[in-house]
Amino acid sequence: MKLKEISVLLAVLLIVVMMVIPLPTILLDILLIINISLSITILLVGMNTKEPLDFSIFPSLLLLTTLFRLALNVSTTRSILSHGNAGHVVATFGEFVIGGNPVIGFIIFLILVIIQFLVITKGSERVAEVAARFTLDAMPGKQMSIDADLNAGMISEQEARMRREKVGHEADFYGAMDGASKFVKGDAIAGIIILFINVIGGFVIGMTMMGMDFAQAASTFTLLSVGDGLVSQLPALLISTATGIIVTRAASDGNLGDDLTRQLFAYPKLIYVVAGCIALFGLVTPIGILLTWSIAGLLVFAAYRMQKAKEKEAEEMLEIPDVPSGEDHSPENVLNLLQMDSLEFEFGLGLIPLADASQGGDILDRVIAIRKQIALELGLVIPIIRIRDNVNLDSNEYVIKLKGNEIAKGEIFLNHYLMLVPEDEDHGIIGIETVEPTFGLPALWINEEMRRKAEIFGYTVVDASSVITTHLSETIKRYAHEILGREETKQLIDKAKETSPSIVEELVPSLLSVGQVQKVLQKLLKEKISIRNLSVILETLADWAVFTKNTDYLTEYVRQGLSRQITKQWTVGKMIQVITVNAQVEKAISENLQETEQGIYLTMDPQTIQQLVQSLNETIQQVVRVGIQPIIMTSPAIRMYLKQIVERINEDIPVISFNELESDVEVQNIGVVHFQDVGVVTS
C-alpha cells in the first residue's frame with residue numbers, strides 16, 4: 001500500500017480516536033490550526049477550479065472535514081468541562097478576537113451561524129439539488145449527442161468514450177453533492193447545540209465541582225465556549241463558501257478570479273458611470289470627499305486599463321497576416337473539400353425522424369450495434385459511418401455510399417411495416433407493393449392494422465428501422481473487402497502486435513509488405529471468411545511467405561490454416577452437403593492456367609466457360625429447389641479459379657476445397673457438374 005493511502009487511513013483513524021481519548025491541549029492547538037488551514041486550502045482550490053469535476057473528491061472531503069470538526073468539538077468540550085481550559089487557540093479566540101466580552105462573542109457566533117446556515121448552506125443545498133436533478137434528466141440527451149457525433153465522424157471512439165465517462169462522472173458528482181450539502185447544514189446546527197451544552201455544562205461543573213461562584217463560572221466557561229464555537233465555525237463558514245462556489249461553477253470556462261475580472265469589467269463604460277456615482281455621493285452626503293473620491297479614482301483607473309486591454313485585443317484580431325501571392329485567400333481551405341468519407345448513409349427529408357432520438361428514432365444506436373456486430377463476425381473494424389439527410393433524394397429514399405459512390409439504395413415508408421410476401425399464396429393483406437432491398441424478395445409495406453393480421457397468419461413482418469439496418473449490415477459485409485484499406489490493415493497488424501509481437505516482427509516488413517497482407521485479407525473478406533483470428537492468419541503467412549509472395553497462393557494456404565473456422569462456418573453438425581465438379585472439368589481448368597509476372601490467370605475460351613456456367617447454374621438451381629444451400633467443393637489447385645466462374649452466377653455461393661475441411665467431417669455429394677449433362681442426388 002502506498003504512503004499516501006496509509007496517511008489517509010491514519011488520518012481517518014485519528015479522527016475516530018479524538019472522539020474517545022482525551023487529547024493534551026498542545027495537540028488540540030495543532031489540530032485546530034490544521035483545521036483552519038485545511039478549510040482555507042479547500043476554499044482556494046474551489047475558487048481556482050475551472051469545472052466541478054476538477055475537484056471531484058470534494059463530496060467525500062466535505063464528509064471528512066465535517067467529521068474532523070465535530071471530533072475537535074468533542075475534544076475541546078471534554079477539555080473545557082474537565083479542566084476549564086481548551087488550549088491557547090480557543091483562549092485566544094475567546095479573549096483577543098472578541099475582546100474578552102462573552103456577549104459580543106455570542107452575538108458574533110450567532111451572526112456567523114446565521115450567515116452559514118440561512119444564506120450560504122441553504123443556497124448551496126438548493127443549487128446542488130437542482131443541478132443533480134437537471135444533470136440526471138439531461139444525461140440521455142448528452143449520451144445520444146455523443147453517439148451522433150461519433151457516427152457523424154466528428155469525434156473518435158476514444159474521445160466518445162472519454163465524453164461518456166465525463167457525463168457519468170458529472171451525474172455522480174452532482175448526486176453526491178446533493179447529499180453532501182446536508183453535512184454542512186447539520187454541522188451548523190450541531191455548532192449551536194454544542195455551544196449551549198458547553199455554557200450550561202460549564203456553569204454546573206464550575207459551581208458544583210470546581211468551587212467557582214456564578215460570575216466566575218459564567219465568565220470562564222462562556223468565554224471558552226464562545227471561543228470554541230468561533231474557532232470551529234470559521235472553518236465551517238469557509239468550507240460552506242467553497243461548497244457554494246463549486247456547485248455554481250457549471251457554466252464557467254475559467255477559474256473564479258479570471259471569470260470575475262473578465263465579466264465584471266467587460267463593460268468599462270459602466271465602471272466610469274459607477275465611479276461618477278460614487279464621486280457624486282461624496283459631494284451630497286457627509287461621508288467625505290477624500291474617501292469616496294479615492295475609491296472613484298481607483299474605479300476610473302481600473303476601467304481605463306480594461307478599456308485599453310480590450311482595444312489592444314481588438315487590434316490583434318483585426319491584423320491580417322501577409323499571404324504570399326498565388327495562394328487561396330478564401331476563408332475555407334479547399335483541401336478539406338477533397339476529404340471523402342469511407343461510408344455514408346444518406347436519407348430523404350421524410351426519413352429524418354428515424355435518426356432523431358427525440359422523435360423515437362433509433363438508427364444511430366443501431367448503426368453502433370452494426371459496427372460491433374461486423375467486428376465480431378468478420379474481424380473488421382469499419383470506419384465511422386457518416387449519417388446525414390440529402391435534399392436531392394426522394395422523401396422516403398435512402399442510399400448507402402462507399403467512398404463517394406452509391407452501392408445500395410432503398411425506399412422506406414414511415415409508420416409502416418415490411419411484410420415478406422410468400423409466393424403463390426393468397427394472403428389477403430393490402431399494402432404497397434415493393435421489393436425487399438437486401439435480398440430482393442417481393443414484399444408489401446403494410447400499416448399497423450394489417451401488421452397484426454399478418455403476424456396472426458405467421459408472415460415475416462419487420463419495422464422500417466430493421467429494414468434499413470439489415471440492408472446496411474449486409475451491404476457492408478458484401479463490400480467489406482473494399483472497405484479494408486492500407487490504414488485499416490496497419491491498425492489490425494498493430495493490434496495483433498500487442499498479443500503476438502514475434503509473429504508480426506517476423507512477417508512485416510521482412511517477408512511481406514502491409515499492402516500484400518491487405519490483399520490476402522481482402523480476398524478472405526470477399527468470400528465472407530472472417531479475419532478476426534488474425535494471429536493464425538499472420539502465422540500462416542509467415543510460414544509460407546518464405547516460399548512465395550503470390551497473394552493468390554498465400555490466400556489458399558491461409559484458408560487451409562483456417563480449416564476449423566471454415567468447417568464450422570459451412571457444416572451442420574459434422575456433415576456438409578456439397579456440389580462437386582467431375583475430373584473432366586477440373587482438368588480443363590487446370591490445363592488453361594497461364595502464369596505471368598502479375599499472377600496466374602484462367603485462359604479458357606469463352607464458349608467453354610459459358611458451357612461450364614450453364615452446367616453450374618442448372619445444378620445450383622436444382623439444389624436450391626430442394627431447399628439446400630448450394631456449396632461447391634473442388635480440389636485446392638483450381639478452387640480460386642472455379643470461384644471466379646461461379647461469381648458470374650452468384651458471388652454469394654461459397655466454393656471450398658477438400659483441404660479446408662477437417663478430417664472428421666462427413667461430405668455428402670448432392671450434385672456433380674459436367675460439361676454436358678447434369679446429375680443431381682436428392683437423398
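Note: Cβ is positioned from N, Cα and C throughout, glycine not excepted.
Now, the feature entries from TrEMBL:
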type	residues	note
TRANSMEM	6-23	transmembrane segment
TRANSMEM	30-49	transmembrane segment
TRANSMEM	55-72	transmembrane segment
TRANSMEM	93-119	transmembrane segment
TRANSMEM	188-209	transmembrane segment
TRANSMEM	230-251	transmembrane segment
TRANSMEM	271-304	transmembrane segment
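Within its own chain, the transmembrane segment (6-23) is flanked in space by residues 31, 64, 67-68, 71-72, 74-75, 78-79, 82, which lie at least six positions past its ends and keep a Cβ under 8 Å from the stretch. Where the transmembrane segment (55-72) meets the stretches 30-49, 188-209, 230-251, 271-304, the count of C-beta pairs under 8 angstroms peaks at 30-49. Residues 18, 23, 55, 58, 61, 65, 68-69, 72, 75-76, 87, 89-90, 231-232, 234-236, 238-239, 241-243, 245-246, 249, 255-257 of the same chain, all 6+ positions outside the transmembrane segment (30-49), place their C-beta atoms under 8 angstroms from a C-beta of that stretch.
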